[in-house]
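Quick look at what Swiss-Prot lists:
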BINDING   D882, D884, S886, E893  Ca(2+) binding site
COMPBIAS  8-23  compositional bias 'Basic and acidic residues'
COMPBIAS  549-561  compositional bias 'Polar residues'
COMPBIAS  562-582  compositional bias 'Basic and acidic residues'
COMPBIAS  607-622  compositional bias 'Basic and acidic residues'
MOD_RES   S77  phosphoserine
REGION    1-23  region 'Disordered'
REGION    477-518  region 'Disordered'
REGION    544-656  region 'Disordered'
REGION    730-750  region 'Disordered'
Amino acid sequence: MNESASQEELRPAQENRKEDKERKWNLTEVKELHETLQSVPDVPVKEDTNSVVEKAMDEIKSQELNLEGQRKISPGSIKDSKTEASGNIAIRKSAKVIFALDETELKSKPEHTWKKNLFERMEARAQAMQQKIIDKENLKKELEKKAEKKLPRDNLAKEWFNTDSMTLNNTAYLLDKLLPTLVPGVENMLTQVEKKKVLTEADTPSKFDPINYLGEYLIRNNPNYIKDPGMSGYQRLMKEVTEDLKIYVPDTICNRVSKMKENVKQNRKQRESIDKIIVKVANTRKQALQEQFDEWILDPKGMIPKSVIQNVLQEFFQNPDFKLGSHCKQLDITDSTEPRLNKMEFTEYISSHIKDLKSEMFEELLKHLCHSADEFREVIKADMRRQMFAELFLHCDHGKVGFLDRQRTLALLELFYDHSSQMLRSLLRNPRQWPFIEFEEINLTELWGDMDNQKHIYEGFDKVLLEMNTLLSANHASKTQSKLLESPDQPKLNEQRTSTPSPNPPEQQRGVTAEQGPQRISIEEQQQGKKPTAEQELYIESVIEPGTHTESTLEQGSSRRLLTEQETHRESTTEQGQHKGSIEGQGPRRVSVSEQGSSRESVAEQGSRRESIAEQDRHKGSVAEQGSRRMSAAEQGSLRESVIEEPYQKSEQGPYGEIISEEQEDIGSTSQSRKDSILKSTKYGEPITSEYIEVPLQEKRSWEQTYEEEIFLSSELQEEVPTLSRKDHFPETTKKEVQKDKPCEPKSQKIEGKSWSGEFFTCNWKMKYVTFEDEEQANLIYGNSRFTDLHSIIRNIQSCKEVKGRTAFNGVSFNLLQFVQLLETFVGEDAPLSVSETLTSFFKEGYVETEQEKMNALEQFSQNAFQVRQRLLLEAIFQKWDSDGSGFLDLKEVDELLYTYKEGMEKESMKKAKLHIQFPKPHPGHEVRLSSKQFQNYIELVVSELRGNEDQVLESVVEFLMNALERSHIESLRNSARRKWLHQIQCAAETSGVSLEPVYSETFKALMQDAEAHGNKKISAHISLLEENLLLPEKGNVLLRNVACTLDDAQFVLNRVLYRDMKGISFTVVDEGKPIHVPQVQYHGNIFFWNQSRNKHDYNGSFLALPLQDAYMRIFGVLAVDTLRDPHEINIFLPHEIRFYQGVANVFSTAYHYVHSREHILHIVITGIGWLYDVTSSITSITTYFVEPSPAQDSDYVLRNMMVTGQLGLTEIHKNPPTIHRKSCIFRDFLFKCTDSSEVVLASACGETHIVVPLRERTGEALGVLDFNIGQNRMLLCQEYKDLQKMMKVVQVACYEILGEFSGEIKKKYILEIENVREVQRAGILFFRIMLLELQESIQLLNSMEFVSLLLYDHTLVTEPNSPQDSKSMELEANVKLVRDILKAVILFFHPELEFSSDFGSWDKCKFYVNKYLVNNICAFDPTAKHVEVNVQLIDEYIRDHSRTEVWKFGNVVIEHLYHWIHICSALMKITKQLNSGITPPLPSKTDNYMYAKMPGEGLQEK
């Protein structure tokens, strides 16, 4: 104990001594270092080397001894600097005051304090030790550097450096172990030898032995035992050589370290070089992007909308050839066009998205940017044109009613088209053809169409366009030159010549046909008999270039999509002035529909015309001369002239006083009836006199003259019209040259001489011009304090609108969107803006409404506003009344409340209203339920029967009902929440991409949320649908299959089947059609439990089964809800819960049929596409889109890409369809233009032509879009274009029928036997059924003499004398074979037994089967009936050798109808045989990304 205590007492004293020594050593180190740095003497040059070495060695030894002494100091003697300072300075710390702390906290505080102090002292010592070691190392390096400076380097040691692999190891070993001691020893030995003069005195014996001396030296200086006293210059260099040589010794640490250092060095250099290259490439790319920025058209501030660049990048990244889809995730396209980018921001933004692109991809991006810059220029041009047309609509809408008359608009377009020059007409589209006229206005015969494959819609377009561009450039050059040469008075003279009217146009003007264009030479020059100028000659020659006698001159409507009028052979101009010739046909040959430029007449008139074309009169206005026309029977009886054309027919002094061709004088019943309808089709049918349509004489002449100057002299158009229109109008060689030289061309910041204002409404221009009536009426209701209680309900109704932003097509009027789209389609994409300006001025002068029309328009506007207001108010009343969301009201309850209106004074009037409405059938409980629509109809009739102003009466009734319906705040909140959940079910169906899975999920979600929030229950639910029992018919004809259930019950319920002979009340619900509620299932005895493993004592709960009904009140399934999983003992369903569950069942039924209606439409489209692909070959792809509500609140709708059909006819159906947003389609906005206006859009994108056709709902709004991509082709051939129209007409009719059936508006029609099989299969054959019915109706309208003429045609051929075989006789023989084969094929359908009869080979005996019963049999024939047994292969053999072109050339309507009837019957028979494998529903699984389908069809032979 004493020893330990004494030792502990000695430790502080020893530590104090060590600290004192440490201070001394620190002071001495500093002094020695200071002296060493200052006491290094300069070595003289002539000083002896050995003495210098010895002095240096002595100094180094002394310094190293000092270092050794420092190493002996204990590390523990280092003292903290704070401790040293505390020995001199005393600091008094302030005391801490602690309030209300626990004892545990007080005890823990000192512990943390001493630990903290200990850690601080330890850290300070460690830092001091580390710093001391660093200082020592630095001092040692300084001493070595000094020694190197003092000692001269002996380069002889470098001779030891030899990397020879043979001696490398040995050399390294010697240099490292032996030579550092051996060399100084030899040197020392030689010095001694020299001192003792052993070599000089060789004969004198000496005791000095050099070997012994060397050995003694080596022993004394063994490096393992003796510290290195110092090194000479030779040794130091040898050491360096040793270190360098060790690097080359393999498998050593130095070698590996050196390799690592070398790799690191190389990687660093490579990284630096790569960084330099990256920076250089980035700068080069930025410079290229800055140069490319100048090719874009900019706003006045020199900026581009950011969304445009985002669209460009997205389109580039989505190119499948580049495989850059991952880059699209980084793009977040903005909704607004307000954010703009200047040149630097443009460069930085694009650079940030293309950092990892290769050089090849960057070059492709530059090309894409250049192309997009040109496309954006066209987009701005189209935007300027659309704004121009929108302002025109507002100008023509004098009453601000929001719509213009459709017939008047089309008539003005026809008038503008007829009086346009030939060159300008080549840029316009024909307003008498589709898509300007609707399918309902086209007869079936016309749709079978022109089969001439050699005729093209855009025949000769390139030539006309190039001539026009050449002329524009020539005129621009000549104008520029003439401006430099003309005198100051010359412009005035030119103006006088241009503006001088002609009182009497010369006769030679009248000789120019309208086909050549009513081009005029200067009137002053005509009167003086002067020749036209060179510029005018060039223009006139370009227009009349085909000559005075042309064949099939094409009237082209637009550079993109023109439905042309292919005219018949025309006589010369002089012959036309004297006598109008008609076409002389031989035999039954028929003139092409597209050549005639108008539609066919009725079937009876067509038949007579085909037989006597050559015998018709050749007077002006004859039917053969004008071309066949499409008109109804009443229109054929009496043709009335249009009042709009009267001024131009009466006046010869105006610019329209020229004689136009027969085609323009009689332009067909469609335009004639359309123009006549302007005079007679008012609301009340009152005629409109011509004085309201005609412009006063002087005013008419002035605007006609202005129009003439603008349209007939439109060769000059504008001074700065670009010489090249859109690049994809030229042939491939020209296109390549243009694209090659395009980057070299300077980019003007003007579009046809006009600067861009910076306004860009391509994505959201509806916000500026379009207003929707329901929103305006809702705002008016919000401002009316009488309906305060309904405001919140109406807001919910407006927010839950299905799809916003669409306009409905009604066939009577155009709203702004439709009007703008119509004019844009008429003008086309390539017409200069001056043409649009001319059309705008023409419309402003020509669109004149009578006072009666204006009043009718205002009445219609107010009526529409009243209907919208009425619908909103009545829907709000219905929802307030139906507070539980059941979806119906009791008629008895409604009547009881209505009869109290005005204290019962209007009771009799309300009873009269009930006589005009058909109420639904009473339910089993004698309860008549009114849906929302039926309730609105009932209240509308009540309002119409009450006395007073209709608007005031409506408001009074609504206010009475609103005040009579007292609802508590809790009921209102519950109603609002339930409405929201019900809306989510319907929204799930609309946004599901044609899938039922989201509908099931939202249905169960609504049930569970309501049970939890308003019933405090835990429920289970499942949906079972009725199916036909094919496997076990003895258990019943139908069964219930559980198709969906809540997640907890999936393993027990999903896909299970309930038969009629099993327990359960579900079939009772199906039979009775009313809900059944079982409060306590354990006591019922007829409940089937799916989970048989459950203990019988746990069967405690309620069960509710609800019927699922369609629009015809037919039951198709059961919705079951139970509370077996609820832990509460009392868990019965309350009345308000049952009513809400009925509402859920009702909304689910609507959503279910909504999805299936879209599914059936897809089947119809697939069938139509299959038929179209069998008869056409120019269509590259067909993409089908459906319209869905947008998930964003500020957007209107989105498009879902449902399926894509490739060039081979294989349809790829997407299970999870991609979503297309408007903001990402700036360069492909034609899809949204079509959906907005519900009109056909003809557009081009990326060098490909698109024909976009809407699929309309029964209301006229677009429910989908079909995008026909025809690739690089400018337009389809006439034959294929007619086939496209036929396909779309049938598809649209089938869609109307499907939608009407699902909504309950029309009753289902089962015409063919195959339609009774299944719903999906029925949708697949609906396309062919409609085509079959149309043909049967057309055949039924034929005259019996039409069939007899076929037999007489054969008889006349037989009675002809034998003549040599020439082309005419061969043609007649081919026609006879055609007639016989088609009639034999038809006979085989009804008399299949003749196949084995010898009479069938004799035509004379087969003739007897062509009798009066044949037409009846054809019109009543069902090719899908089970009793029909026909040899389809034999029938195909008879018609296989005859193409559609051959049938068309024959020109007999009977043969044509029968030919198509045979093909459709054959296709239906094949579908019937392939029923199970041919049509597969694409629903409802979403496990795969896509599936493929190809519908069976019957192709028509093409030759």
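Placed from the backbone N, Cα and C atoms, the Cβ positions cover glycine too.
What Swiss-Prot annotates, mapped onto the structure for a quick look.
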residue	record	CB count, 10 Å
D882	Ca(2+) binding site	21
D884	Ca(2+) binding site	19
S886	Ca(2+) binding site	20
E893	Ca(2+) binding site	12
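Close to the recorded Ca(2+) site, the chain also has W881, S883, G885, G887, F888, L889, D890, R1139: residues not among D882, D884, S886, E893 whose Cβ is within 8 Å of the site's Cβ mean position.
DSSP classifies S886 (Ca(2+) binding site) as coil under the three-state reduction.
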